[in-house]
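Heads up, the thing below is written out as structure tokens.
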Amino acid sequence: LSGDDLQKTCESFLLFPSAPDSFCPKKFFQMCGLSKKSPQDIKKVFAILDNDGSGYIEEEELKFFLQRFCPGARVLTDKETKSFLNAADDDSDGRIGAD
């Protein structure tokens, strides 16, 4: 991810810090260019989000997703977190794996 891509994306999301339940992960990934990154780059981002190094991103880690990209961003609401988790949890185990 380039610094410019992240900065532009962060600014877009920080403009609406009080708009609960408005976060769309797909739109965020498109805006910051993550949807076009290689599997190796995605694994690097995954490692940043996996705070405890468990190999999974759990619900509590996902709640602070925006803040990992943009210090000062809002925390995702419970509804946004659950929606994000459900969209990315391929095996329905309540967490997101690296693969």
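Quick reminder: no glycine exception, Cβ is built from N, Cα and C everywhere.
Between the candidates D78, D89, TrEMBL assigns the Ca(2+) 1 site shared with D50, D52, S54, Y56, E61 to D89.
In sequence order, D50, R95, I96, G97, A98 constitute the residues six or more apart from Y56 (Ca(2+) 1 binding site) in its chain with CB-CB distances below 8 Å. Under a cutoff of 8 A between CB atoms, and with a sequence separation of 6+ in the same chain, the neighbours of D91 (Ca(2+) 2 binding site) are G97.
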